[in-house]
Amino acid sequence: MMFTPLIVLTLLVLATAEHQCGPNEQWSDCPGCELQCGESDKPCPAMCGDPKCYCSPDQYRRIPDGRCIRKIQCPQH
């Protein structure tokens with residue numbers, strides 16, 4: 001019986017850690033398409049992707065380092 005609070009606490013910490021996102025990112029259980037530098041015209045199907053951290057709505061994913069940045073900060077191709 002003494003292990004129950006410890007197990008609950010451990011599960012809570014693990015669940016919280018999974019949803020910590022990087023700068024300019026947010027967690028979504030049902031993310032749509034994520035904007036990427038240089039691919040702003042790419043079509044986006046209206047369906048859920050896998051749950052994950054994705055760039056905030058006004059941010060673009062910079063490749064290759066994966067940071068989320070404003071569109072104006074995207075490298076020019």
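Keep in mind that glycine also has a Cβ here, set from the backbone N, Cα and C atoms.
The recorded disulfide partner of C68, taken from Swiss-Prot and restricted to C55, C74, is C55. Cross-referencing C21, C44, C48 with Swiss-Prot gives C48 as the cysteine bonded to C30, criterion being a recorded disulfide. Between C44 and the candidates C21, C33, C74, Swiss-Prot records the disulphide bond with C33. Per Swiss-Prot, the residue from C21, C37 that shares a disulphide bond with C74 is C37. The disulfide-bonded residues listed here (C21, C37, C55, C68) include no residue with a Cα within 10 A of the Cα of C48 (disulfide bond).
Most Cβ neighbours within 10 Å, among the disulfide-bonded residues C30, C44, C48, C68: C68 holds that distinction in the structure as shown. Here the disulfide-bonded residues are C33, C37, C53, C55; the one with the fewest Cβ atoms within 10 Å of its Cβ is C33. A C-beta separation below 8 Å, combined with a sequence spacing of at least six in one chain, links C21 (disulfide bond) to W27, C53.
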